[in-house]
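Below: the structure, in structure tokens.
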Amino acid sequence: MASKVEAGKLEWRISVDNETTKRLVPKSGPSERIFIWLKGLITKTWRIGADDPAKVVHCLKVGLALSLVCIFYYMRPLYDGVGGNAMWAIMTVVVVFESNVGATFSKCVNRVVATILAGSLGIAVHWVATQSGEAEIFVIGSSVFLFAFAATYSRFVPSFKSRFDYGAMIFILTFSLVSVGGYRVDKLVDMAQQRVSTIAVGTSICIIITIFICPIWAGTQLHRLVQHNFIKLADSLDGCVAEYFKKRDVSTNENEYETNTKVQGFKCVLNPKGTEEAMANLARWEPAHGSFNFRHPWQQYVKIGAAMRRCAYCLENLSICMNYETEVPDQVKKHFREACMKLSAASSKIMRELADILKNTRRSSKMDFLVFDMNSAVQELQETLKTIPIQTNKPEEEEEVPSAEDRTIPMTLHEVLPVATLVSLLIENAARIQTTVEAVDVLASLADFKQDSKKKTGDNNTNQPPLSS
């Protein structure tokens, strides 16, 4: 038996038959296991709240809303006013209170409108059924079937489902309860009024709390998401090109983790398509807040996100170029390094400028100059690609002997092809960035972004030519 000290801890091992050692783990009792489990649970719970305090705020707001609704059960005048239907206010708070204002507002409006519409139709169907005599059961059953079929079918319509799916479900539930329940309830109208009033109270409490107490706006979250994605794309582009052309030495391994994190940043842009669409649909329900008006063009953010994903696909292919098994000679990289780095820098500047436009909600007067620089870098890279010396298999008598000053080492197509792939991806990415610039410009026009006067004054003194049409 031997002992071993690692990181300040004593570890015991025992020799076994196959000339190896086995670690001895002390057995812990039930109380120690429970203590360790509780400690891990508390640590994990605390970490979740510390990483995202908005989750803690949401839990507190839900608790406050339910506490206010419970007053209907503990205050006799209010309880007598709504009767036993006060539980519907509690159910409303539980099912409609969401983490952001848009989602809560959407569910509240859907629930109130669907309840009123379904209750009105249910009362009308009940009246028609009572006037039909012996066919009462047939009328109620047929109406439930038809309205349930129509409401369920509407949930398959994409444009309807994205905004009114919850309302359709509440309509089916309420209409069925009122129609079937009305068959044996005499005071149907009074019951419907009490139920609608309690639901209105629950939704009002939810809306007031979610708007006036630490509000979390879906529109603001979407705006910041798109803004941060621009920065991630810029860092990823710079990281990919710099990593490809850098010289391999020992010092470059020190920041390898940080470099890989920036290079892989484009993956965050590929994933949130569904998130952007959901946030855009929820933001349309929100009232005016901050820099955003009531009819802010939220759907334009979805188009910007689609344009950004097309750029991210190019960066994904660029990251694949870094892992080619074919080793590219330093001579080939040296020939393209300056032009590729220049285009990469120009492209990343545009994406960072787009992030600043969204951050400040102001137009940029120097965007035309940045696009002009990027197009110039594209032309320079294309000229560099044309001037590369490619070795060919010409007959000896046809070969011309170059002069000493014009003599360059020829490169084979096999050596140039990996870098040519990188060059084509950079050029394609520049074209897709220009499409993204146009999408952001449309957003600035629709949202009426103001011109950045400070940048405009500084740019008037430059001699850089504007972007030609």
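Glycine too: its Cβ is placed from the backbone N, Cα and C atoms.
Beyond its flanks by at least six residues, the transmembrane segment (56-74) meets 49, 82, 86, 89-90, 93-94, 97, 99, 198, 201-202, 205-206, 209-210, 213-214, 216 of its own chain at Cβ-Cβ distances under 8 Å. Summarising the annotation, TrEMBL assigns transmembrane segment to 56-74 (among others).
Residues 54-55, 58, 61-62, 65-66, 69-70, 72-73, 78-79, 111, 195, 198-199, 201-203, 205-207, 209-211, 215-219, 221, 279, 282-287, 289 of the same chain sit 6 or more residues outside the transmembrane segment (86-105) yet have a Cβ under 8 Å from a Cβ within it. What TrEMBL records for 86-105 (among others) is transmembrane segment.
Per TrEMBL, the feature transmembrane segment maps to 112-129 (among others).
According to TrEMBL, the transmembrane segment annotation covers 135-154 (among others).
According to TrEMBL, the transmembrane segment annotation covers 166-185 (among others).
The transmembrane segment feature in TrEMBL is assigned to 197-218 (among others). Tertiary proximity for the transmembrane segment (197-218) is limited to same-chain residues at least six positions away from its ends with a CB under 8 Å from its CB atoms, namely 54, 57-58, 61, 64-65, 68-69, 72, 82, 85-93, 96-105, 108, 111-112, 115, 279, 282-283, 286-287, 289-290, 292.
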Sequence-remote partners of the transmembrane segment (112-129) [C-beta within less than 8 Å, at least six residues beyond its ends]: 135-137, 139-140, 143, 147, 167-168, 170-175, 177-179, 182-183, 188-189, 192, 195-196, 199-200, 203
Cβ-Cβ under 8 Å with the transmembrane segment (135-154): same-chain residues at least 6 beyond its ends: 121, 125-126, 128-129, 160-161, 164, 168-169, 171-172, 175-176, 179-180, 183
